[in-house]
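Novice: Here's the feature list from Swiss-Prot:
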type    : residues                                                                               : note
BINDING : Cys133, Cys252, Cys346                                                                 : [4Fe-4S] cluster binding site
BINDING : Gln134, Asp135, Arg173, Gly216, Arg421, Thr467, Thr468, Ala469, Gly470, Arg471, Lys491 : (S)-malate 1 binding site
BINDING : Asn219, Lys220, Ala221, Tyr222, Leu223, Tyr224, Gln225                                 : (S)-malate 2 binding site
Amino acid sequence: MSLCDQCEIGCRRVGIKDIEDASAVNADFHFSAIFQPTDPHHHQTEFAKVEGSEKYVEEVEVFGRQALKVNPEALTILAHRAFSDVHHFFRKDHLEGWRRAIEDPEASDNDRYVATTLLKNACIAAGRVLPSCQDTGTAIVLGKRGELCWTGGEDEKYLSKGIWNAYRYHNLRYSQTAALDMFKECNTGDNLPAQLDLLAVPGSDYEFLFIAKGGGSANKAYLYQETKALLNPKSLRAFIEEKLKTLGTAACPPYHIALVIGGTSAEMTMKTVKLASCRYYDSLPTTGDKYGRAFRDPEWEKIVMEVAQKSGIGAQFGGKYFAHQARVIRLPRHGASCPVGLAVSCSADRQILAHINKSGIYIEQLEQNPAQYLPDIPEVHLSTTSVKVDLKRPIDKVRQQLSQYPVGTRVMLNGTLIVARDIAHAKIKEMMDNGEPLPEYMKTSPIYYAGPAKTPEGYASGSFGPTTAGRMDSYVDLFQSHGGSYITLAKGNRSKQVTDACKKHGGFYLGSIGGPAAILAKDSIKQVTCLAFPELGMEAVWKIEVEDFPAFIVVDDKGNDMYSKTLA
């Protein structure tokens, strides 16, 4: 008899009677949900009713129970509204964080300057013309539909239509790429597909969390496969001190930092850490139990904040305000595994709650008057002196001027910048690999790593903030060796290969403030012209004229890096 035959016979012998007998042994069965928030429906959140939305809902009786019949068009209306509001308004706790940084006597000048700029940017974005950030993100929807909520079953389609409307009819950027084969890609042209996670729950209401997640902060979500050895105060603190530095500044601090210890699987850990960064689990209990419930740990949240403040990284250019706040959540785990998740919500901090009930559609009330958070502090107390840099001169003259100042110096750029990011760099390298020279425009002006949102009528530019510098690190030495990219401008820290290349070739990396894309478009960018690869959309090469464009010298021509100590 084969092993397979033996297995089959064994399976036949296990009948319903055996299962019933086994179940009887578990007389003390106890079900306990892992997540037990005290405010699961976010009643502490202020919601505003969408005017006239009651016409999209109807109560019906089914088998003696009250069900909610929802016209699926309500999903389209809600998604459109959510992904419009979230690009122009912020939660109050986020705005309060910037205000604290401005008023804190322990904050650095750079902390206060960055926080003030971000608050001013919020004021411009609140005009509902320019989005707060040029990277208007991947659209993510978490939906929990009650078992007695009927929509017709095509929820993903109707939610996607609302997202499509938001990105089509507002000044938002299309960032999603479709894979044509393993290597060829194209922009989808509408920012779809969205990520839609829809769940069934008891009741008749339909609850939502809408998130617009940009690439910078999404790329700072980390999974670490640890062991029981991590679970003691000394080891955990050392782990936090090490890993917080790896977040760097590329995702635009001050951050909302989330740390999750444990998880029944890696994917559970990472989903929890993303939602924690959105403050979705704020009402979890603060103690665990023998059944494995999730809980927040306020003591370790304080420790994470202490480590963040003492790191010296600050709000991008040194200081205290690396983070607004922290969330630390402990989960159950398999005895052989200890997954740990680390993630952030960045300065764009775009998430918004909503729900549909028998009265209509309700959406979280974000703050529409951010100007009230700007303190009455003279500008002289908010920033250090800036150095004016005229970019209309030959690039060698600009390099000579920058060489006179130490890293950390704030500069104001005036003149021409060339804008090129990931795909443009890849195409230029491909041209060079095929024997073509480095384009002349890469040699005559600083290179700004960015990609604009759509330009509103009457504006010179759409929101146009920097993208993460690190993704272009591999090109710097090559391009500088061919006489180009001597001065680059973007956000975040860079690798040692960039520092080495700048020292070798006499180059500089200037750090732009990550986050205030609207204020740059309104106040600093005066003209935008497409130079090359127009078919790439926002990934094309652009020529822009700027006035008083703020930046900091991060890497100089002597091999100095302003982050060398804080991120070491």
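Using the three backbone atoms N, Cα and C, a Cβ is placed for every residue, glycine included.
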Novice: Can you tell me which of the binding-site residues Arg173, Tyr222, Gln225, Thr468 is spatially closest to Cys346 ([4Fe-4S] cluster binding site)? Compare CA atoms only.
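Specialist: Nearest by Cα distance to Cys346 ([4Fe-4S] cluster binding site): Thr468.
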Novice: If you measure from the C-alpha of Thr468 ((S)-malate 1 binding site), which of the binding-site residues Cys133, Lys220, Tyr222, Tyr224, Gln225, Cys252 fall inside 10 Å?
Specialist: Cys252
Novice: For Cys133 ([4Fe-4S] cluster binding site), identify the closest of the binding-site residues Arg173, Asn219, Tyr224, Lys491, judging by Cα separation.
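Specialist: If we rank Arg173, Asn219, Tyr224, Lys491 by Cα distance to Cys133 ([4Fe-4S] cluster binding site), first place goes to Arg173.
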Novice: Under 8 Å Cβ to Cβ from Gln134 ((S)-malate 1 binding site), same chain, six or more residues apart: give me those in sequence order, or none if nothing qualifies.
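Specialist: Arg173, Ala450, Gly451, Pro452, Ala453, Gly462, Ser463, Phe464, Gly465, Ala517 - these are the non-local Cβ neighbours of Gln134 ((S)-malate 1 binding site), listed in sequence order.
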Novice: Give me the long-range Cβ neighbours of Tyr224 ((S)-malate 2 binding site): same chain, 6+ apart, Cβ under 8 Å, in sequence order.
Specialist: Lys243, Pro339, Val340, Gly341, Leu342
Novice: State the Cα to Cα distance, in Å, between Leu223 ((S)-malate 2 binding site) and Gly470 ((S)-malate 1 binding site), rounded to an integer.
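Specialist: Here the two Cα atoms are 20 Å apart.
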Novice: Long-range same-chain neighbours of Ala221 ((S)-malate 2 binding site), Cβ under 8 Å, sequence gap at least 6?
Specialist: Met270, Val273, Lys274, Gly341, Leu342, Ala343, Val344
Novice: Which ones, of the binding-site residues Asn219, Gly470, Lys491, have a Cα no more than 10 Å from the Cα of Cys252 ([4Fe-4S] cluster binding site)?
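Specialist: Within 10 Å of Cys252 ([4Fe-4S] cluster binding site): Lys491.
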Novice: By CA distance, which of the binding-site residues (Arg421, Gly470, Lys491) lies nearest to Tyr222 ((S)-malate 2 binding site)?
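Specialist: Checked the binding-site residues Arg421, Gly470, Lys491; minimum Cα distance to Tyr222 ((S)-malate 2 binding site) goes to Gly470.
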Novice: List the same-chain residues at least 6 positions away in sequence whose Cβ sits under 8 Å from the Cβ of Gln225 ((S)-malate 2 binding site), in sequence order, or say none.
Specialist: Ala266, Ser337, Cys338, Pro339, Val340
